[in-house]
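S.K.: Can you keep this structure in mind? I'll have questions shortly.
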Amino acid sequence: MSAVNTPAGFSDFKVADISLADWGRKEVIIAESEMPALMGLRRKYQAEQPLKGAKIIGCIHMTIQTAVLIETLVALGAEVRWSSCNIFSTQDQAAAAIAAAGIPVFAWKGETEQEYEWCIEQTILKDGQPWDANMVLDDGGDLTEILHKKYPAMLEKIHGVTEETTTGVHRLLDMLAKGELKVPAINVNDSVTKSKNDNKYGCRHSLNDAIKRGTDHLLSGKQALVIGYGDVGKGSAQSLRQEGMIVKVTEVDPICAMQACMDGFEVVSPFKDGINTGTEAGINKDLLGRIDLIVTTTGNVNVCDANMLKALKKRAVVCNIGHFDNEIDTAFMRKHWAWEEVKPQVHKIHRTGAGTFDPQNDDYLILLAEGRLVNLGNATGHPSRIMDGSFANQVLAQIFLFEQKFAELPAAKKAERLTVEVLPKKLDEEVALEMVRGFGGVVTQLTPQQAEYIGVTVEGPFKPDAYRY
């Protein structure tokens, strides 16, 4: 048994192994040195305690970097209760370190779907009763949806939601359009210092790492198909290209497709003439029969469907770095094909039928992380320096919404404030400046004459909201 001690009498947590806390703490200390923006905000605002009185329910990947985020929120005055937004993404040593610090956390790597939902419930409840939470920090929207559907009374005290991902933002906007969203939300995903860092540069770093850890394959000289060319797709295509892969891209958006062409990628379709007829006859079998690796990056459903999976080259690697496991039709694979676990989060999917299989069969696909996020299932996700920008945005977004005190507004004012919006650009620039300083960079200041000439202040913001970085 470990010598690790939690605060006396503290048992408000469930992790895989509390004895991993010392290891986790060592990694947290290293991560802090690689997160200058987040730590800069901690130093800047700690005396002010801008989150004093905030009670935050958090549901985001329980990694080492998230531990730094959690402890920053606490340092600024908040109370938190935490779970992971993915059954495979928790780093158990990180969860243990947070529990050992006396912070309620419910997360471990390899949760079942039922355990995943149970963990979220434990953050919503305290001592079996709904916690008097007033803020939500979410990744993907599951926590937000559960609160709206099962605990609507809690929303009367909640000032708002800060959402990390494209998928979660889509769900928020859908709820807003249908009149179902009851609290305002900050779209952290579309802050420049999140979308460009996390979605693009983070995936560039972590996709190839995860594939190599999962398969031990040499990637160079092989053919890859990247589904989607948004920021995640751009980073993913670069990640595979720098490994020496021959990368093709498929897109539905002509602007993103044009960008892929300009970046030197061949834009193709897995469907004849680009039209998904829903039949095997409509599949571009010549293309898919040559693909060694396929990765989904879209946040959309069934972008790698059953007919595509049937047509893929034998022994092709299939993975997802978008968000949920429904980007790949894993439901079809579970129903019709046999699964053989090679090691945790690596399966051979035998296309010879369900039930028993011949271990020597060579007609299989290699599925990573069961179709969930490959970079967190098969590796440790984005590095600390990447997550620095994302999580600094989360802190500023939490402060921003908490100060607005939505739950205390009269009904008429609430109707005006019920929006899904991005952080003000000035705050985005604040995060970027701290990141540049962390790299040892020096930003040049405009002269008053230059600022007047382009119609901005010397302190910024420097670009209009519509500017595309």
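Just so it is clear, glycine is given a Cβ too, placed from its N, Cα and C backbone atoms.
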S.K.: According to Swiss-Prot, Thr63, Asp139, Lys194, Asp198 bind substrate; so which of Glu115, Glu163, Glu164 is the extra one listed there?
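M.R.: As annotated by Swiss-Prot, Thr63, Asp139, Lys194, Asp198 share the substrate site with Glu164, chosen from Glu115, Glu163, Glu164.
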S.K.: Which one of the binding-site residues (Val232, Ile321) has its C-beta surrounded by the most other C-beta atoms within 10 angstroms?
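M.R.: Its Cβ has the most other Cβ atoms within 10 Å: Ile321.
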S.K.: Distance check, please: Cα of Thr63 (substrate binding site) against Cα of Thr165 (NAD(+) binding site), rounded to an integer number of angstrom.
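M.R.: Pair distance, Cα basis, whole Å: 16 Å.
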S.K.: Out of Lys194, His323, which of the binding-site residues has the smallest number of neighbouring Cβ atoms within 10 Å?
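M.R.: Ranked by other Cβ atoms within 10 Å, the binding-site residues Lys194, His323 bottom out at His323.
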S.K.: Among all protein chains shown, how many Cβ atoms are found within 10 Å of the Cβ of Asp139 (substrate binding site), not counting that one?
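M.R.: Taking every protein chain into account, the count is 26.
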S.K.: Whole-number Å only: compute the distance from the Cα of Asp139 (substrate binding site) to the Cα of His323 (NAD(+) binding site).
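M.R.: Spelling it out, the Cα of Asp139 (substrate binding site) and the Cα of His323 (NAD(+) binding site) are 10 Å apart.
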S.K.: Around the substrate site formed by Thr63, Asp139, Glu164, Lys194, Asp198, list the extra residues of the same chain whose Cβ is within 8 Å of the site's Cβ centroid.
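M.R.: For the substrate site the neighbour list reads Ile60, His61, Thr165, Val188, Asn189, Met387, Ser390, Phe391, Gln394.
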S.K.: When you measure from the Cβ of Thr165 (NAD(+) binding site), which residues in the chain that are at least 6 apart have a Cβ under 8 Å away?
M.R.: Asp139, Gly140, Asn189, Gly299, His323
S.K.: Cα-Cα, whole number of Å: Ile321 (NAD(+) binding site) versus Lys194 (substrate binding site)?
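M.R.: Approximately 16 Å lies between the Cα of Ile321 (NAD(+) binding site) and that of Lys194 (substrate binding site).
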